[in-house]
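Annotated domain 'NADH:quinone oxidoreductase/Mrp antiporter transmembrane' per TrEMBL: 23-288, in sequence order. Summarising the annotation, TrEMBL assigns domain 'NADH dehydrogenase subunit 2 C-terminal' to 290-343. Residues or ranges marked as transmembrane segment by TrEMBL: 7-23, 57-76, 96-115, 152-171, 178-195, 201-219, 240-261, 281-302, 323-343.
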């Protein structure tokens, strides 16, 4: 792809995200979402592979349908209330349509089918954008309208997303699909808490984006896209694989690591709101996700490849150090002791 065209697409992504998260008017928020969609489609299809073209078409169709529902919802609300302000969402039909539109854009259950397929057809860099940056504008709209949404509907979708994300990730061998179902599971945690403590969804999303960025950049460095090649990647970069294992365990939410912080706070908040049943169910469902994270960690560090090799380590390795990846890995693993400072900031 032409570097100038790539620069335009990436700048358009930043522009669309900025417009959506900084707007109070429904039409401006919709415009930002459309700019984002139009900017990411050429990046998905740039490899000219049939799988990439299929992923781009699926992404376009789903996002176009979600944007139409989003626009329809805001128009109905403006028709009945005379307000185009995002925070003034009061009409029940508009609330239902908006929840459906945002669920389609994020990939929440039952509108999750497109997300793993699109991620599988994309490169690791574009998959990273789809998992993190492209989810920020819809989550911001959820944050702004959280006081108007239906708690029962969001709770059902959240628990279903956490359960299905863990269940469907168990039998996958493609790492991008595993991370897609991981994203669906984490979105379930974020959606569950949005009504009761909206600030927690932002903290959860920031930490999820940090850990997911670290995992995708590590996989991009070792050029690993499936479990069978992950077994041999430790011969190229043994230290990077060790830190990748810790990052995956942090993404799973194991206690000494950074990923435990948002789950701990969400369960604590749900208990305060007397939603002990929902907290117990979603905590139990997270064990399904923990299994495939442990499997990824196991394959990346402990398992030997099934074929015999004459040497244990490659004679030529890339000696260049990636400072950005080192910083991201450190933050993804060891932010838990700084949690009091993080909580005072937000």
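Going from the start of the chain as shown, residues are counted 1 onward.
Here the Cβ of each residue, glycine as well, is placed from N, Cα and C on the backbone.
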- prompt: Taking residues 6+ outside the transmembrane segment (96-115), which of them lie with a CB under 8 Å of any CB in it?
  reply: 33, 58-59, 62-63, 65-67, 69-70, 72-74, 76, 89, 130, 135, 138-139, 141-142, 145, 149-150, 153-154, 157-158, 160-161, 164-165, 180, 183-184, 187-188, 191
Task: Please work out whether the transmembrane segment (323-343) lies in contact with the transmembrane segment (240-261), by counting C-beta pairs under 8 angstroms that are 6 or more apart in sequence and asking whether there are at least 3.
output: yes
- prompt: Can you give the mean pLDDT for the domain 'NADH dehydrogenase subunit 2 C-terminal' (290-343), rounded to a whole number?
  reply: 70
